[in-house]
Structure formats: structure tokens, C-alpha cells
Amino acid sequence: MSNVNTLSALAKSGALSGKRVFIRADLNVPFDDAGRISEDTRIRASVPGIRLALDAGAAVMVTSHLGRPKEGALTEADSLAPVAQRLSELLGMQVRLVPDWVDGVSVEPGEVVLLENCRGNVGEKKDDEGLSRKMAALCDVYVNDAFGTAHRAEATTHGIARFAPVACAGPLLEAELDALGRALHDPKRPLVAIVGGSKVSTKLSILQSLADKVDQLVVGGGIANTFMLAAGLPIGKSLAEPEQVEQARAVIEIMKRRGAEVPIPTDVVCAKSFGADAAATVKAAADVAEDDMILDIGPQTAQRLADILKTAGTIVWNGPVGVFEFDQFAHGTEVVARAIADSAGFSIAGGGDTLAAIAKYGIADQTGYISTGGGAFLEFLEGKALPAVAVLQARAA
């Protein structure tokens, strides 16, 4: 999968000594009301790539987007200043913040500077060629270490990579591409995918793409309700998309023709209303009443999925199978999560809700790989080319 140049290979070969290295990281972190960083995972994840370049004797420039500022009109709230401070603490050295950096940056070997929010530059979002060429002129080596933005063709993720003398993947991006390639391009069978979420329409292209590849396609959440409708089961007043039933049937049909399966729930957990205090009732799937809402899979279905997952060679997990935020509707997602943790197969998980479930059940160490990309992870599952990766592949060819 990763037929790209890598920062680790360049560092090992001694090619970075005295060179100017430009790293596009993903430092788009959340802030609390007082303007303090509330969660710094992405900043910590960027440190190995920065250290690698510093230890190899490079002069290092790092940039990232933060939020969605107006190009050419950054405000104080859009500034990477708090990120520079946190990065200084993590690296144990001063990290200067450089504003207005497109026309030139002074940085010495062994030093690292943070270039102010790249989305402040006019032309960033449009992947402007003039801006891309100017940024490429700042460096000897361009590094993309931001998988989370790999599905976007912007000046710092795509354009600069076309014109920099050398363009490569940082360690974070390299690990992500290796894990995704292992899961989808050369998977150990059986390959099981779990796709949860509220709407078939938003995940339809993923479901269609996976229907050609996987041995078991487990659907969860509102998506499962639409598949239950397609299988002729009652769903009461559950969240579903009746207009997507034909598409759901087509996915089931593709799987069936390949000797593969979409396991439809045989029992479910229902409530009369949606909320933290709603009373939960387990019912056979055929017995759902008109005023019922399906909010989780039942214990029998959960056990069946656990058995499938325990014997899987590869697992791709995107989305919970129930409303796991409420404990009475969390059993299905917990059983699935623990089965993934116990499976001997290679697992890759991605998407915000999935990461929240992994954190809730404390299984991060037992998950093969946790993807840092939301939209990029989904587009990869769809089989789409990611512009930021495609340009690195083209430069390595």
C-alpha cells in the first residue's frame, strides 16, 4: 500500500542532515471555554515525526490548520499559540510561533518552529498553485504526517507535495497506510466489517464497496434498522430510511451471491422513548411493536456477532451497534468491543463514536490499530484515492 517515500527512511540514510524539513501535521485540537487545549492527543501524535527530523540534524518547520478561519483574516482564536506552548513542553525545547511565513522562514538545524495556522493563507483551501510553489520553496523535504486531512486536496496537503524537492510520508501517515493496506488490500480471512451509524444514505458507498470484499458485513444503529426493514422485519418507530430499503436489499444480494453474509438481528433492545431514563425491553426481532424504538441489538444477536468476531482474521470497525451512551442500550456495543479485543485477528477501528466506545471499554491496547482519520478513514473504506496520498505515490514513482 505505502509505495511512498518515508521520513524514517530518509532519516536513516542521513539525507536530512542540515536540510530544511517542512512537516504538515494535524494539530487541530479542541479548546475549552477558557481557551485552553482540552484534549492534546493529536499534538502528542505529531511528536515522533518532529523528533525524527530533529535527531537527523534537520531544521524543522511544522504547520497545521486549526478550525475553519477566514483566509487572510486570522483572529486570536484561530492562532496556534497554545499549540506552540504545548509542543514546547512535549519536546522539552522552545518552539517559536511564526506568523506571516509564506515568503520566508528563518530556522536553524536542530531548531523547530511552528508556522501559524495554514488556513490563514489565501488560496490554502483551493490548493492554489502560486501559494503551493511559494511554500515548496521554503524546504528541501516536505513531510505529510496528517492522515486526518488526507482526503482533502489543499495547498499544504497536496500542492506543496507536487513542487517540493522531495515529498514523503511521516511516521504517523506511514503507520496508517500500512494498517489500512493490511486490512483491505491483503486481509487475512475471514474479513469482517462493522458499519454503524444512523443513516444508510451517508454510508451507502462504503456498504457497497465492502459488499464486494468482506465475508461478513455487520450493520449497526439506524443502518441496521433499514436492513431489518429490507429483510421484512417490523421496526416500529425506530430511526430508519425506508427510501434506502432497495439499496440495502442490493447489498444483501451482492453478499449472498459471493457466499458472504449480512447478519440481521434476531433479537433487539427496545424502548418507548429515547433518553437516559428510558426503560429497556429485550424482544425477538419479529415481535417489535408499532410504538417501539430499537436502540440496541439483543443478547442473542450480540453473542452471534461475538462468535463471528472471535474467529475473524481481520476486522474493520466503524461505528457502534447501539446507543451505547446510555448504559441500558450499551450491552451490544460492549459485547462487540470485547469480542474484538479478544479476537486473534488484526483489527482496525476508526470514526469518532468508535473511538469513544474503545475509550469507554478500555480496549485501546487490544485493538490492532486505531485510525486517526474520520473522513479520510471512511473514504479509504470506500476505495477512493486520497489526494494527499496519491501525490506522494506519484512523487515516489
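Each residue, glycine too, has its Cβ placed from N, Cα and C.
When the candidates Arg96, Arg152, Arg162 are compared with the substrate site entry in Swiss-Prot, which names Asp26, Leu27, Asn28, Arg42, His65, Leu66, Gly67, Arg68, Arg119, the shared residue is Arg152. Among Glu176, Glu325, only Glu325 appears in Swiss-Prot as part of the ATP site alongside Lys203, Gly351, Gly352, Asp353, Thr354. In this structure, of the binding-site residues Gly67, Gly351, Gly352, the smallest number of CB atoms within 10 A of the CB marks Gly352. Neighbour density at the Cβ, taken as the number of other Cβ atoms within 10 Å, is lowest among the binding-site residues Asp26, Glu325, Asp353 for Glu325. The distance from the Cα of Arg119 (substrate binding site) to the Cα of Lys203 (ATP binding site) comes to 28 Å. For the binding-site residues His65, Arg119, the ranking by surrounding Cβ atoms (within 10 Å, all protein chains) places His65 first.
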